[in-house]
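Report on one structure; see the data block that follows.
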Amino acid sequence: MPLDCGATVVKYVLCLFNFALFWAGAAVLGVGIWLAADQNSFLTLIKFTQAENVQNLVQPAVITQSAYLLIAAGAFIFIVSFLGYCGAVKESRVLLGLYGAFVLVIVALEITAGSLAATYQQEAEKEIKSYMMTALKEYYSTQQEADALTTSWNLMQGQLSCCGVNNFTDFVGTPWMKNKTAGHLLPVSCCKLRGKLIDFQPEDPRCMTSPTDDNSYRMKGCYSRIIEYFHSHMEIVIGVGVGLGVTQILGIVFAFCLCQAIDNDFIK
C-alpha cells in the first residue's frame with residue numbers, strides 16, 4: 001500500500017535535502033581527491049587564472065593537508081546523505097535507521113560538548129588557549145615553509161588584527177624563529193596591512209624589524225580577539241547554532257517517522 005499524505009511529504013523532504021547534501025559531499029570529496037592526486041594541475045590552474053595573490057596560500061604542504069581535510073569531510077557528508085537519500089527513495093527501514101542514528105550521535109556529541117564547555121568554562125578556555133599555544137610553538141613557520149596551520153594563523157592574524165596567542169613574544173621558540181629573515185621580530189601577518197589581506201603587504205616596511213603599536217598589532221593577542229569577535233557576533237553564532245540544531249533534529253524525527261510509517265504500511 002502507498003504511504004499516506006504526511007509520510008509522502010516527509011519522504012520527499014528527506015529525498016530533496018539529502019540529494020543536495022549528497023552532491024555537495026561528492027563535490028568536496030572529488031576536489032579533495034584531485035588535490036591529493038594531482039597538485040601540479042591545481043597550481044597550473046592558479047597560474048592560468050592569473051590569481052597570483054592566492055599563491056601565498058598554496059604551498060605544497062598546505063594543499064596536501066587541505067586535501068585530506070576535504071576528503072574526510074566530503075566522505076562523511078557523502079555517506080550520511082547517501083543513507084538518508086537511498087533510505088527515503090527505497091523506503092528502507094534499515095538505511096533510514098542508520099541515517100537517523102548517525103545524525104542522533106552527532107547531535108548528542110554537540111550537546112555534550114556544549115554542556116561541558118558551559119559547565120567548565122574556565123577550564124575549557126585554558127585548554128583552548130593551551131592548544132593554540134602548543135600549535136603555534138610546534139608548527140608555526142615562515143611563509144616559504146608554510147603548512148595549513150601556518151596559513152590559518154596568518155589569515156587569522158591578518159583578519160582579526162592580532163599577533164600570537166597573547167602577543168608577539170609567543171613566537172619565541174617557534175620554527176619561524178629558526179627560519180625567519182635575520183632581524184625580523186614578528187611575522188608580516190602581525191603588521192598593519194594594506195591592499196588585499198592575502199597579499200600580506202605591510203603598510204610600514206619596517207614593521208617586521210622595528211614593530212611599534214602604530215605599525216603592528218604586536219601586543220594584541222589572537223585569543224582575546226577571538227573572544228571579542230564571538231561576543232560581537234553572538235546573535236549570528238546563536239542563530240547558526242539553533243538553525244543547525246533544528247535541521248538535525250528534524251532530520252532525526254523525519255527519518256524515524258518514515259520508518260514507523262513504512263512499518264505500519266508493511267503490517268497492513
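From the backbone N, Cα and C atoms, a Cβ is placed for every residue, glycine too.
On a predicted model such as this, the values are computed, not experimentally measured, just so you know.
Per TrEMBL, transmembrane segment is recorded for 12-37 (among others).
Feature annotation from TrEMBL assigns transmembrane segment to 67-86 (among others). Long-range contacts of the transmembrane segment (67-86) within the same chain: residues 14-15, 17-19, 21-22, 24-36, 92, 95-96, 98-99, 102-103, 148, 251, 255, each at least 6 residues beyond the stretch ends and with a Cβ under 8 Å from a Cβ of the stretch.
According to TrEMBL, the transmembrane segment annotation covers 98-120 (among others). Outside the transmembrane segment (98-120) by six or more residues, the chain places 18, 80, 83-84, 87, 245, 248-249, 251-252, 255-256, 259 with a CB less than 8 A from a CB of the stretch.
Same-chain residues lying 6+ beyond the ends of the transmembrane segment (236-259) with a Cβ under 8 Å from its Cβ atoms: 7, 10-11, 13-14, 17, 84, 87-88, 91, 93, 96-97, 99-100, 103-104, 106-107, 110, 230. Residues annotated as transmembrane segment in TrEMBL: 236-259 (among others).
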